[in-house]
């Protein structure tokens, strides 16, 4: 996806809207608003990666040996993503929410997080050596 255009933006916005719709419906249909926390976790999940991505590596090393801050950002992101998938399962297991609400919130959360990942992949700007 080197050249992301208007069709990409329209598709991603449609998938994001469907994801949020499923999360909101999982709350509204069963009159329990706790699955809305899933939307919050998946919206906040990419932030550690975005913050810590600029903290690692120098321009003089060609090999990627790993960087502490970048790895910490990835770890925090993965923890938040796992929390986003596990929270509805824990709430459904403890019978706080219904299993249908659990399924809808997991699918909606996956759509939201997948849309965020696809957007960042489609509109990533490669660093140039001449900037």
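From the backbone N, Cα and C atoms, a Cβ is placed for every residue, glycine too.
The transmembrane segment feature in TrEMBL is assigned to 6-26 (among others).
Here the transmembrane segment (33-52) has Cβ contacts under 8 Å with residues 20, 23-24, 26-27, 69-70, 72-74, 76-77, 80-81, 83-84, 87-88, 91, 96-97, 101-102, 104-106, 108-109, 112-113, 116-117, 120 of the same chain, all six or more residues outside its ends. If you look up TrEMBL, you'll see 33-52 (among others) marked as transmembrane segment.
Tertiary neighbourhood of the transmembrane segment (72-91): same-chain residues 34-35, 37-38, 41-42, 44-53, 55, 97, 101-102, 105-106, 109-110, 113, selected by CB-CB distance under 8 Å and a gap of 6+ residues from either end. Annotated transmembrane segment per TrEMBL: 72-91 (among others), in sequence order.
For the transmembrane segment (103-122), the residues of the chain that approach it from at least six positions outside its boundaries are 1, 4, 8, 12, 15-16, 18-23, 25-27, 29, 35, 38-39, 41-43, 45-46, 81, 84-85, 88-89, 97, judged by C-beta separation under 8 angstroms. The transmembrane segment annotation in TrEMBL covers 103-122 (among others).
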